[in-house]
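Data block below; observations after.
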Amino acid sequence: MALTQLPDAAASSPEQPAVVTVAGSGRRGTRSRRGGTTGGGRADGLSSRWSGRRRAGLGGWLLRLALAVVFAFPLLFMFVSSLKPDQQIFGDLSSVAAFLPIGNISFDNYAAVFDRVPAARFLINSIGISAITVLLGILVNSLAAFALSRMNMRGKSIILTLIIATLIVPFETLALPLVWWVNQLPSLTLDGFSLGFSKGWIDTYQVQIIPFIANAFSIYLFHQYFESIPKELDEAARMDGAGWFRIYRQVVMPLSGPAVATVAILTFLPAWNSYLWPLMVVQTEELRPVMVGVQYFFQLNVSWGEVMAYASLITLPVVALFIAFQRSFVNSIASSGVKG
Amino acid sequence: MRHAKKRLIVASVLAASLVASLAGCASAGTGTDGKNGELTLWTHNGGNTEELAAVQAVVDKYNASQDKTTVKVQAFPQSSYNDSVVAAAASGKLPCIVDIDGPNVPNWAWAKYLTPLDLSVDLDENLPSTLGKWNGDTYSVGYYDVALALFARTSVLEKAGIRVATIDEPWTKDEFDAALKALKADGTWDKPLDLGTADVGEWYPYAYSPLLQSFGGDLINRDDMQSADGALNGKKALEWAEWMQSLVTDGYVAPKSGADAALDLENNVSAIMLGGSWAAGKLSTALGDDLSVLPLPDLGEGVKIGGGSWQWGVTSGCADPEAAMDYLSFSLSPENIADVAKATATIPATDAAAALVPGFEEGGDLALFREFSKQFAELRPETPAYPFISSEFTKATQDILNGGDPQATLDKAVKAIDGNIKSNGGYTQK
């Protein structure tokens with residue numbers, strides 16, 4: 001079936017005339033081609049900017065080195081300190097030894113972390129909560145953005161503006177009303193073999209997931225990306241008999257890899273870092289995420305080495321994820337024109 | 001098209017059932033705690049392995065001692081514990097038994113989180129600072145208290161020609177100032193005194209309001225608890241504020257100290273440290289016989305230290321308060337109190353328990369802290385306004401340490417505190 005091939009063909013080489021043939025009329029074809037070249041041109045521009053930077057010379061390198069130091073040294077300090085006993089961490093503070101794994105080095109702090117905190121359980125919780133939030137977030141927000149970008153309805157731009165406007169309300173403002181609200185929601189419970197309803201989502205997994213699926217910024221990112229995908233592709237697909245969902249699933253989404261990667265990372269980070277919300281709505285230890293675990297180390301006598309060991313443990317998945325998605329993440333940020 | 005729709009429906013159903021199954025596996029507890037002979041107990045000991053184990057041991061003993069009630073422990077990390085309780089109270093999810101930091105008891109009693117205690121044990125045996133009272137009722141009782149002291153190396157004091165202060169003869173203000181001057185002149189320490197100024201939060205009122213009281217000021221007029229005017233911004237309070245500021249301007253104290261005062265003393269970054277009895281074990285291991293534990297200086301009106309640590313109370317929403325009271329009464333036996341004090345290196349609340357804890361017997365290493373607590377402890381004001389006073393006092397002290405005008409800063413704090421009390425109708429009834 002020609003249609004199933006289409007997105008892949010378009011993705012690998014946007015200027016392929018195949019697009020034009022399916023699209024039908026010459027005029028549309030030209031526009032489509034233009035759309036395609038714009039994409040290509042963007043990529044060229046990007047690479048030429050990179051080579052421009054490559055020629056920046058010594059000053060540029062020094063600047064980059066300085067920035068790398070600023071961002072890498074706290075991580076280095078964290079990891080190095082996680083290997084030292086408390087007294088040595090403080091003793092090394094005033095010298096460069098703070099960044100070097102020297103002295104009394106061991107993994108004792110890591111072993112102690114697991115005695116103090118159910119770290120494995122917290123990690124599994126956070127991985128589950130973040131993964132489900134990301135997956136459902138990609139689905140729901142891309143569908144919303146698809147509707148706003150592709151469907152013919154009045155007031156689309158007003159709706160989009162309203163959605164974007166919600167970005168200015170900080171979460172701290174919404175937190176308390178949200179606690180009240182989730183406490184009123186019904187949840188389905190399984191009591192023996194009979195299904196029942198109980199009131200309140202407090203102290204559950206879903207209260208940590210559902211409120212964070214719909215996200216204005218993700219909708220906006222998807223919308224901007226979808227707008228750059230030529231509408232002629234939809235029209236071609238429709239002529240082949242595809243409906244909205246099929247266009248979404250087989251034309252638009254396969255072309256939106258970088259946007260998906262960006263939304264995935266931007267949804268993952270706050271989900272992984274969430275602290276205030278689980279503090280307010282989760283009471284059972286078995287349901288807590290990793291960030292709440294940090295507090296376990298701040299007793300009257302703080303064990304700093306263990307703090308650093310735990311911090312290293314919970315930073316690792318984030319760093320790994322970023323390295324894995326780095327390329328598409330940077331590409332998407334650069335090409336969608338969204339900075340920071 | 002129809003095909004796509006069908007898939008969409010399948011996807012939606014899948015998503016919905018996912019939500020439902022998540023709801024299923026989570027504990028869906030509604031209604032109040034204490035039904036069906038099961039009580040929940042919340043503690044601030046998440047991550048505090050030793051104290052949590054001690055509390056769990058008491059609970060296990062109780063559960064084994066009878067078969068009517070089962071108590072279940074739920075631990076939270078200390079620094080977020082209060083927020084969790086307030087959020088739970090707002091959504092009607094408080095457990096039967098809660099852990100409370102002493103000074104918060106009046107506020108939680110006033111907000112009707114707590115119900116007055118009705119126990120079968122005699123609470124008169126307890127150190128006064130281990131009881132939480134408000135409006136004539138006792139709402140909470142603790143197994144222990146902690147005490148503040150000055151920690152230093154005896155060798156350092158001797159070398160600088162400074163007298164080692166004792167409980168009967170603490171340093172006077174002049175002696176203390178002269179000691180700091182001598183240590184500063186030695187040149188070994190950039191800031192000889194570590195007051196723990198980096199620990200912003202309850203540490204500020206706990207550690208520094210006793211200094212204010214030793215000058216003759218206070219956080220509030222305690223006769224009716226309706227205004228801070230005169231107490232927190234009068235002549236004595238101003239003397240305290242100017243003295244605190246001079247400690248910074250003379251270079252004795254850092255306005256923002258290191259993150260861990262005990263480790264800094266251990267590494268000889270500071271010469272004298274203001275710290276809690278909880279640091280004694282660690283410091284005594286590190287410094288051995290060279291460690292001196294001294295009372296705080298008498299700044300005019302006698303030595304004062306903060307009193308009141310973590311205590312236990314029963315919530316007003318508990319479905320079976322008798323069972324909760326029964327558990328608390330059981331838990332207050334001298335053996336249980338002694339076990340908790342041993343595990344946490346804290347001061348046992350009763351004499352009977354103190355006799356069972358090594359170090360706290362007459363003449364023991366730790367008995368000194370019990371004496372400090374008995375002789376010098378001053379409770380933070382027992383008013384529901386306390387949490388507000390605490391944060392205002394913290395802000396004001398920080399401003400003063402960082403060079404703010406003492407009188408103007410104190411006046412501002414008084415105005416805010418008086419305003420808060422007025423806007424809450426004097427916290428008299430609710």
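Residue 1 is the first one shown; counting continues down the chain.
Each Cβ is built from the backbone N, Cα and C atoms, and glycine gets one as well.
Whatever TrEMBL says is automated annotation, not expert-curated.
The region 'Disordered' annotation in TrEMBL covers A:1-48.
Sequence annotations record features per position, and here TrEMBL assigns transmembrane segment to A:61-80 (among others). With a cut-off of 8 Å between Cβ atoms, the residues of this chain six or more beyond the transmembrane segment (A:61-80) that come close are 98-101, 308, 311-312, 315, 319.
The transmembrane segment annotation in TrEMBL covers A:122-146 (among others).
If you look up TrEMBL, you'll see A:123-325 marked as domain 'ABC transmembrane type-1'.
Per TrEMBL, the feature transmembrane segment maps to A:158-182 (among others).
Residues 125, 128-129, 132-133, 136-138, 140-142, 144-146, 148-150, 160, 163-164, 166-167, 178, 182, 187, 252, 256, 258-259, 262-263, 266-267, 270-271, 274, 277-278, 281-282, 287, 289, 332, 336-338 of the same chain sit 6 or more residues outside the transmembrane segment (A:205-226) yet have a Cβ under 8 Å from a Cβ within it. Among the features that TrEMBL reports, transmembrane segment is placed at A:205-226 (among others).
According to TrEMBL, the transmembrane segment annotation covers A:247-272 (among others).
Through the fold, the transmembrane segment (A:307-325) approaches residues 75, 78-79, 81-82, 89, 109-110, 112-113, 117, 119, 123, 126-127, 261, 264-265, 268-269, 272, 290-291, 293-294, 297-298 of its own chain, all at least 6 residues removed from its boundaries and within a Cβ separation under 8 Å. Positions annotated as transmembrane segment by TrEMBL: A:307-325 (among others).
Through the fold, the transmembrane segment (A:158-182) approaches residues 144, 148, 200-202, 207, 211, 216-217, 219-220, 223, 276-277, 280-281 of its own chain, all at least 6 residues removed from its boundaries and within a Cβ separation under 8 Å.
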